[in-house]
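Taken verbatim from TrEMBL:
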- 6-132: domain '1-deoxy-D-xylulose 5-phosphate reductoisomerase N-terminal' (DOMAIN)
- 12, 13, 14, 15, 124, 126, 204: NADPH binding site (BINDING)
- 125, 151, 152, 175, 198, 211, 216, 217, 220: 1-deoxy-D-xylulose 5-phosphate binding site (BINDING)
- 146-228: domain '1-deoxy-D-xylulose 5-phosphate reductoisomerase C-terminal' (DOMAIN)
- 150, 152, 220: Mn(2+) binding site (BINDING)
- 260-375: domain 'DXP reductoisomerase C-terminal' (DOMAIN)
Ligand code: NAD
Ligand code: MG
């Protein structure tokens with residue numbers, strides 16, 4: 001494998017730091033040429049000193065002077081502001097852009113990376129939830145690869161290597177999150193601290209809340225539809241609390257392929273960076289005898305309404321998934337600030353979808369406009385609920 005130059009957008013987050021772990025352990029295979037962060041200025045500076053990238057972007061302009069001065073003795077270029085992310089995504093000499101930004105802020109950088117002909121290791125699922133049709137169309141047009149980082153989608157992707165056969169259906173596995181088995185009455189009382197305790201994965205705050213509400217699995221159903229060009233009916237969700245089987249493809253002869261292993265995001269991150277190769281690492285191997293029971297359940301979509309909302313949005317098409325995604329970012333933020341209850345999140349999502357009418361054939365500008373409108377509507381609904 002030739003040495004690859006990687007741009008990590010969102011290098012200070014959960015995925016970003018784990019990607020740097022992978023890069024650190026293969027210094028002759030990868031170099032981190034671009035690092036970006038929104039606010040975590042000290043960590044970003046530390047990363048820049050260790051990895052010596054060519055470009056560092058700190059989005060929040062307030063921190064720009066600190067980064068400039070900390071790196072003034074190096075050759076590293078420092079940029080600031082949202083527009084700088086565009087330059088980061090298209091940076092000359094980069095082979096793969098790892099998009100590990102959280103939320104819809106990831107959409108434009110994905111599109112810029114595609115237009116500059118770079119392959120994308122995509123962790124930012126919101127890119128595909130917002131504008132999957134547009135993004136996959138561009139990826140085909142510019143002939144770039146979208147390499148999934150999300151563990152379930154990496155699993156499907158790995159099961160499809162060497163296959164030219166039609167998929168009958170896929171099963172996305174879900175851990176069920178910290179509230180698996182709870183009733184609506186239980187959920188009415190759950191706190192932010194409880195929701196932030198995921199049983200199997202340590203992740204950023206937004207995806208952890210999404211996992212507790214099963215919205216994460218809803219977003220992943222949408223992500224899978226676009227990545228693998230499936231019908232909605234071909235994407236199924238099965239709860240598998242141990243998170244050992246990362247997902248399953250079923251073919252037309254009834255044969256199923258699953259990808260499995262210990263739950264460690266560095267595995268799918270590494271695969272996206274090394275594809276089609278695999279590199280030997282020292283991550284913990286799964287031991288069957290230590291975990292002899294792998295179990296499966298049906299997801300409870302009556303209690304966890306967000307998963308149903310995501311399926312409905314995907315079936316209806318048009319702007320529905322974009323609206324759902326934007327409103328979800330607002331409700332999760334409000335829940336994290338104790339401004340909205342756990343169940344209130346689904347209520348605001350449903351009402352936002354009702355208040356914004358559907359539209360088809362959307363351009364990038366249309367998606368961005370619906371994203372902004374949905375945020376305003378959701379914020380307004382939260383304000384009304386609090387009064
Ligand atoms: P995180 O909150 O830990 O990190 C987010 C990163 O994005 C940080 O570096 C932050 O500085 C940057 N960022 C935040 N807002 C930004 C903005 N407006 N503009 C530019 N940069 C911004 O999040 P995470 O858990 O690493 O998740 C990142 C993405 O990967 C999400 O889309 C998530 O759904 C997906 N993902 C994460 C995991 C996981 O294990 N953490 C697993 C699967 C998928
Ligand atoms: Mg996932």
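Keep in mind that glycine also has a Cβ here, set from the backbone N, Cα and C atoms.
Any TrEMBL annotation is an automated prediction that lacks curation.
Here the features listed in TrEMBL are painted onto the structure.
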residue: 13; record: NADPH binding site; DSSP class: coil
residue: 124; record: NADPH binding site; DSSP class: coil
residue: 198; record: 1-deoxy-D-xylulose 5-phosphate binding site; DSSP class: coil
residue: 204; record: NADPH binding site; DSSP class: coil
residue: 216; record: 1-deoxy-D-xylulose 5-phosphate binding site; DSSP class: helix
Residue 150 (Mn(2+) binding site) in three-state DSSP notation: coil
Residues flanking the Mn(2+) site, with Cβ no more than 8 Å from the Cβ centroid of 150, 152, 220 and excluding those residues themselves: 125, 148, 151, 153, 154, 172, 216, 217, 223, 224, 247
Sparsest-packed among the binding-site residues, when each Cβ's other Cβ atoms within 10 Å are tallied, from 12, 14, 124, 216: 14
Structural state census, the domain '1-deoxy-D-xylulose 5-phosphate reductoisomerase N-terminal' (6-132) (DSSP three-state): 59 helix, 28 strand, 40 coil
The one of 125, 198 whose CB sees the fewest other CB atoms within 10 Å, among these binding-site residues: 198
Count of other CB atoms lying within 10 Å of the CB belonging to residue 150 (Mn(2+) binding site): 28
Listed binding-site residues adjacent to ligand 1, that is, members of 124, 152, 216, 220 whose C-beta is under 6 A away: 124
Of 12, 13, 14, 204, binding-site residues neighbouring ligand 2, Cβ under 6 A: none
Whole-number Å value for how far residue 150 (Mn(2+) binding site) lies from residue 15 (NADPH binding site) (Cα to Cα): 10
Rounded to the nearest Å - Cα separation of residue 14 (NADPH binding site) and residue 150 (Mn(2+) binding site): 12
Secondary structure content of the domain 'DXP reductoisomerase C-terminal' (260-375), with strand meaning DSSP E or B: 67 helix, 2 strand, 47 coil
Residue 12 (NADPH binding site) and residue 216 (1-deoxy-D-xylulose 5-phosphate binding site), distance between Cα atoms, whole Å: 21
Most Cβ neighbours inside 10 Å, all chains, among the binding-site residues 13, 204: 13
Of the binding-site residues listed as 12, 13, 150, the one whose CA lies nearest the CA of residue 125 (1-deoxy-D-xylulose 5-phosphate binding site): 150
Alpha-carbon distance [residue 124 (NADPH binding site); residue 152 (1-deoxy-D-xylulose 5-phosphate binding site)] in Å: 13
